[in-house]
Amino acid sequence: MHTKNLFYSRPQQITQYLSAFLMMVILTRTSISSAYPLFAQQGYENPREATGRIVCANCHLANKPVNIEVPQVILPDTVFEAVVQIPYDLQLKQVLSNGKKGGLNVGAVLILPEGFELAPPDRISPELKEKIGKLYFQSYRPNIKNIFVVGPVPGQKYKKITFPILSPNPATNRRAHFLKYPIYVGGNRGRGQIYPDGSKSNNTVFNATASGRVKKIIRNEKGGYEIIIKDGSDSNEVVNLLPPGLEPLVSEGDSIKLDQPLTSNPNVGGFGQDVAEVVLQDPSRVQVLLFFFASIILAQIFLVLKKKQFEKVQLTKINL
């Protein structure tokens, strides 16, 4: 949920309270209707920054592990699996946008090398379709065929996400070459802490916006709190709004400092990224390599036979 910190003097209290209430209602509806990874799609042309950082980390502040597994070597025009694992404790519950507790969702963004793309349905085997399940993969941009997003989906069911990938064929694609390619992935579990506009969700710590003494803590009927801080220097009052799902750590009469945490950290999720490398191998090189190995094996066999023949001749001479 989006929140605002309001500063006001006593004659303005009624107007400021009404404005704050309307703002919370409007922004709450917005946060519920929006979902990751749409935030990244709407705000960034490319999900991977020049530094290598995936932009999802701008909203998901906690660092958690993510792993991707791909074959070491693949052939041209071949369908292979890219398996993304997003591990977490299935017993964990997160704070939802309405303030209630619920299970964690997961999401991922897969950045393939240029020329690699999602395999068409008619190229996916029944076994691979079973691994994919009912997942829906969406292009990051309509004109981009090598970057895909998935989610949010229930983490209980999709801790492991399987992407069906089609490798390019350098014979028909001039931009593809027989090289080693990196594949990047970013994955998150749980909701983010920051919205793209910079405002906080209700899944993070809220800090005091002023020093002073807690004059009053008001519990709102629809959830959340209003913490009124009286500034000791000029007797102004500052209202800090806590969205639904968060409980204050302070009590009335407490002295607090600027940026002191007013709540605990409710976040149990996090974001991580990983990279894997895959070699697009030329089939002719494989054939040459197989021929080379076969030649070595045949040479070894001939040497063994020649040795046995020589030993047999020597044994015959000895017997004579």
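Glycine residues also receive a Cβ, built from the backbone N, Cα and C atoms like all the rest.
Feature annotations, reproduced from Swiss-Prot:
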type	residues	note
SIGNAL	1-35	signal peptide
BINDING	Tyr36, Cys56, Cys59, His60	heme binding site
TRANSMEM	286-306	transmembrane segment
How many other Cβ atoms are found within 10 Å of the Cβ atom of Cys56 (heme binding site), counting all protein chains shown? 24
Near the Cβ of Cys59 (heme binding site), how many other Cβ atoms are there if near means within 10 Å? 20
How many neighbouring Cβ atoms, not counting its own, are there within 10 Å of the Cβ of His60 (heme binding site)? 27
What does DSSP assign His60 (heme binding site), in three states? coil
